[in-house]
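**Q** Let me begin by handing over the structure; questions about it come next.
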């Protein structure tokens, strides 16, 4: 099973990615993770990416593409993979298509988790994190026993700068501008399946399993 997972910040992609990878026994390939791995291992591609990142520049598509393609060449991807965070634009999608075509591999499904904008904002701005032990909370769905105090270590909880309203609105705008053309691209290729992410985690996962089961037939 070869799958791409799309969805805005706050859609629960990370949670679903772990479940999909386990259910279908395929590696979860997060571009953030493989970038960090290349930086840690000080690979040539990692060094190249770091040059751009140190200057505050976006890493060019050709570098990102190569980092992802190197990961897809590994043995654990022979029977499938789940791509999370890539492609981010149509140019990357076209390069991925070319790469897979050259390998004689086809993409089974592109899952697009959709969540109402208001719900996304509530999910993200409600997050609270313990700066001491890393525990995470949500002021509505999983609050601490005492307001703003970590249950585990007693430290004051914080709201990450990325989770503040202004930052969330900007992140959603960037995602929408980048992803709308991608959604159109995969719709034309008849590989896109929209998933209602407003449901519970388990309900969303059941819908994903059904979609992937139908595609795998």
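Placement of Cβ uses the backbone N, Cα and C atoms for every residue, glycine included.
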**Q** Among 2, 127, indicate the single residue that Swiss-Prot lists for the ATP site containing 10, 11, 12, 13, 14, 15, 136, 137, 199.
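**A** Looking at 2, 127, the one Swiss-Prot places in the ATP site next to 10, 11, 12, 13, 14, 15, 136, 137, 199 is 127.
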**Q** Between 86, 137, which of the binding-site residues has its C-beta surrounded by the fewest other C-beta atoms within 10 Å?
**A** 137
**Q** Cβ under 8 Å to the region 'NMP' (30-59), counting only same-chain residues 6 or more beyond its ends: which ones?
**A** 17, 66-68, 70-71, 83-86
**Q** How do the residues of the region 'NMP' (30-59) split into helix, strand and coil according to DSSP?
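**A** So the counts come to 22 helix, 1 strand, 7 coil.
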**Q** How many other Cβ atoms are found within 10 Å of the Cβ atom of residue 153 (Zn(2+) binding site), counting all protein chains shown?
**A** 12
**Q** Treating G and I as helix alongside H, and B as strand alongside E, what does DSSP give for the region 'LID' (126-163) in helix, strand and coil?
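**A** Within the region 'LID' (126-163) the tally stands at 3 helix, 11 strand, 24 coil.
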**Q** Using a Cβ-Cβ cut-off of under 8 Å, list the residues of the same chain that are 6+ residues beyond the ends of the region 'LID' (126-163) and lie near it.
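**A** Here the qualifying positions are 171.
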